[in-house]
Amino acid sequence: MEADSKPKKSGARLCCVCNQNRAALKRPKTLEQICRECFYAVFEEEIHQVILENQLFKPGERIAIGASGGKDSTVLAYVLSELNRRHNYGLDLFLLSVDEGITGYRDDSLETVKRNELQYGLPLKIVSYEDLYGWTMDEIVKMIGLKNNCTFCGVFRRQALDRGAALLKVDKVATGHNADDIAETVLLNILRGDIASFNSDFIIIRFSLWLMLGCQNLNKFSTYAYFKKLDYFSTECIYSPNAYRGFAREFIKDLERIRPRAILDIIKSGEDFRISTTTKMPEQGTCERCGYISSQKWCKACVLLEGLNRGLPKLGIGRNQGLNSDGKKDRKRDSRTPSIESK
């Protein structure tokens, strides 16, 4: 009788949340073993609570979701659309994509975004480098090579997102960055000695959705996308193998293997970073050429564009101030120069 009363041993662990389904993964934060359905619920509820606690959105706001077709932005678009419907946030959501003009990469990923538009019922707006700047990344790489091409793409993409947001007349832009991305940005700003960008980046981070979701590590986004069988594009950019960010990423991964909390510690250091009151910081103004935000007479995009148009692609690379240090620069607008007024 005593033998019959003993519970039967099971080869599979049960979910510690529902105690019914078989556990499918272990949560890094709590080390709890949970099933897929409970993982979905916990993941989505954490994001919902972050949105409420930090008052990230207000009813009636127009929100653009930066959509690249990749895993992180696809998860963000799916979860945000689901929470908006489930909890009645009252948000008007849009997908905003940037077409850099990279044949065999961005054209394929944009097909994924177009499918997401239909799957999630979200309007899609695509802005392209060719329309905004008169150049594609394929053309830029032919001129500059593979060493500094990411400088052009990073500057142009950030401005393109802002211009796309202006066209959609949205209140906020949500991007699917995770803790790994934030830690890389902190390290890159330190390595470059770029104090001004370091400070401004964290002002942006504190008031954006991606810091709040930053506690979700890369593996968590991957697991959610995989289990949910979301439709996303997973190929790396064909021009990124030599990117400076890639070396920072590998270094951070090595640190994480030694100390699992390394990524969160780097982010915390970035948040606590303080600039001395005696340090002279650049004053924010507007570009005299296109009207975009700039601390110089010309914004970085206009300097890079001028170099391309004049056949001097390295004009705005590195510490070289280029046209911003030339008091006699030609103010005549080039036909390829972006204009906020015309866009």
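Placement of Cβ uses the backbone N, Cα and C atoms for every residue, glycine included.
Curation plays no part in TrEMBL annotations; they are all automatic predictions.
What TrEMBL says about this one:
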type: BINDING; residues: G66, A67, S68, D72, V98, G176, D181; note: ATP binding site
type: COMPBIAS; residues: 326-343; note: compositional bias 'Basic and acidic residues'
type: DOMAIN; residues: 63-194; note: domain 'tRNA(Ile)-lysidine/2-thiocytidine synthase N-terminal'
type: DOMAIN; residues: 285-315; note: domain 'Cytoplasmic tRNA 2-thiolation protein 1 C-terminal'
type: REGION; residues: 319-343; note: region 'Disordered'
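Counting residues of the domain 'tRNA(Ile)-lysidine/2-thiocytidine synthase N-terminal' (63-194) by DSSP class, helix then strand then coil, yields 78 helix, 21 strand, 33 coil. Once the Cα atoms of G66, A67, S68, D72, V98, G176, D181, the listed binders of ATP, are compared pairwise, the greatest separation found is 19 Å. When the binding-site residues D72, D181 are compared by the number of other C-beta atoms lying within 10 angstroms of their own C-beta, D181 comes out lowest. On the 0 to 100 pLDDT scale, the domain 'tRNA(Ile)-lysidine/2-thiocytidine synthase N-terminal' (63-194) averages 92 in this prediction. Applying an 8 A CB threshold to same-chain residues 6+ apart, the list for V98 (ATP binding site) reads G66, S68, I126, V127, S128, Y129, R157, A160, L161, G164.
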